[in-house]
Amino acid sequence: MATPTLPAELSDATRDETSLRRFLHGLPGVDQVGVEQRAAGLGTRSIKKGSKLWAIDTAISMVDLTTLEGADTHGKVRALAAKARRPDPDRPDTPRVAAVCVYPDLVSTAVGALTGTGIGVASVATAFPSGRSSREVKLTDVALAVNSGASEVDMVIDRGAFLEGRYGQVFDEIQAVKEACAAAGNTAHLKVILETGELATYDNVRRASWLALLAGGDFIKTSTGKVSPAATLPVTHVMLQAVRDWYVSTGELRGVKPAGGIRNTKDAIRYLVAVHEVAGPEWLTPSLFRFGASSLLNDLLLQRRTQLDGHYSGPKYVTVD
Amino acid sequence: MSMWEYAPAPESREIARLKESYRPFIGGEFVDGGGEPLKSINPATEEVLTEVGTASSSDVDVAVKAARKAYDKTWRKMPGAERAKYLFRIARLIQERSRELAVLETLDNGKPIKESRDSDVPTAAAHFFYHAGWADKLDYAGYGPDPQPLGVAGQIIPWNFPLLMLAWKIAPALATGNTVVLKPAETTPLTALVFAEICQQADLPPGVVNILPGAGDIGSELVEHAGVDKIAFTGSTEVGKLIQRSVAGTSKRLTLELGGKAANIVFDDAPLDQAVEGIVNGIFYNQGHVCCAGSRLLAQESVVDELLEKLRYRVSTLRLGDPLDKNTDIGAVNSAEQLAKIRELAESGDAEGAQRWTSPCPVPERGFFFAPTVFSDVEQSMRIAREEIFGPVLSVLTFRTPDEAIAKANNTPYGLSAGIWTEKGSRILWAANQLRAGVVWANTFNRFDPTAPFGGYQESGFGREGGRTGLEAYLDV
């Protein structure tokens, strides 16, 4: 059940339900006032000139360009894929985004539009966004995504089970999804959405983060974007601290993805500063940090032009997809 | 993966509107002082910033008489509601000139601009706003009917928070109807003299506030002057003792806010990541030039290794350098003299067998800088556990049981502040009752608010500043 490389205290934690519960409840608490003060303090970093341009390019390369609407169509997904390939048509040197994120039934369209580009196709799955269905339905959802060629699966945890304290159930489900991510010829990366807005406390965010890491999630992700509050800086701090602590005890690097509510460059840079100073500079790469966003990309493109041209160009100069 | 370097983001020094010379402020006017002018230097570059005229002993006499006259003729007779208007006006002027004050403070003191901008200056304004509100309510403050001001207050402040300490001193004195003669520290007189301009802008009656730059000799002239009714001093315990000796046998009232060697106690059930933040904030805030700094970390043995690993990583992310850069976390030590003192004490730590760890951060060649330092394996008997270092140097001690933590925390002649880190509410209340310290922070550190009384036990001084309690130090009740 547990990964063999884990140190004893971590592999013991997943031995059974009781051990798991004891481990998660034994994690140090998170002081709300302290973590919010730290997040606000780091939020005052002033990023200028070359370091700003670097941050903008890095942020663009970390975007999971997302559309998760009931009204999504093949055309909409193709438009988004085109945007992902060439975010700023006037400036071909603009980095590509990391991935496009869609519902499972639209994965094949996205894959068709992005094959050979190196841009990932992420699919939400497991009865996204609520996660309220049977294990069977959730795994079928994952299979649809993976069999259609998704390179990344963004699953949601069962918040009901988590809040009831049935951690083993949440753990098993993440593991089952992780297994389902490995289909013939395609092993998708697993991002585990904690939906921190429903977990409500930072202590819960820390426990859910460790639970997802123990179960094998490659990324821990804040939110579905369908619940308010979505990503916040202090929540992301707690999760960045978790992946750092995980690295210190296991030597493994796992990723973090804040999603929802990050709309402008200023916010994105605050997140990158947190990545840089809380987790560490190693995490400043799309393989370990992503932004789940849709409107953020255009603001990054506008600010990129402002940096390069020396003046603001206006929203008419970026494409609306 | 390329490294991300933050580009320099310096605040412009032009904002400080630095003048070629500054002069003492007596009786509502800037005057030529009779003392030898001093050069104020920028501790981050060792360059001379400006020349400051200082007071002579006859200037002290003139200033005290000006303060007496203002007290007798206007200020004591003025209704509280009218006094309040001046205080509100001063508070707003501090806010209006906040950028100028912040940059000037950083140039003169060496503290990072983010602290002078986000903490010193706003908190100074907050003290005037808060005390303005008390000026017309003193009859109902619980001191009985008609509490009276004391008269002329002589106030001597240190260099670590020049403007903020001025606000702590002047705001309650004026709100309660006293007039003041204030001596800023020798190395950091500039913001006090801009404050004098603000008094002029606010049309404060002449003589209500007098500012006398100068060295310790001017301070002792002020303390010994027969026309002074009250002395308020913030600074070293050594000088505090001299002042207390000097005013003994006189009718002068005295409050002293002196040194400290605060214990920051981390129990094994603490929120560790936030405890790390609190430890960093406790000892590295303002380069550790804080009388209530959490300079002794008392960590429970069962978590000390994990805590130190996290702490060292966190401290290594602190950015040391140009204090005017908005991203600087640790600025310059205020003077060469203080830097020498910090070095000497740190060396005693090496000599006595403590383990020194220093942040790998780059240190500028010019200027008075000292990289954040953590000593582990510190024992109670070492100098770095007993003496106030007043610099970015943390001494880590350990304990096994809560009783041992309290015994070690209280094993100091000081008693200004303490910190407790635990998720257990009952332990917070228990420990706070056991600790002999004027301020006890729980799961936080170095938080200041004008509504909260601040002051010490034992050799950390007596009297309180801030809150309703702080008013009493300036009232005859």
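Glycine residues also receive a Cβ, built from the backbone N, Cα and C atoms like all the rest.
TrEMBL labels come from automatic prediction, so no person has curated them.
Annotation comment: TrEMBL describes B:31-476 as domain 'Aldehyde dehydrogenase'.
Sequence annotations record features per position, and here TrEMBL assigns active site to B:E257. Reduced to three states, the DSSP call for B:E257 (active site) is strand. If you draw a 10 Å sphere around the CB of B:E257 (active site), it holds 28 other CB atoms from the protein chains shown.
If you take every residue in the domain 'Aldehyde dehydrogenase' (B:31-476) and average the pLDDT, you get 97.
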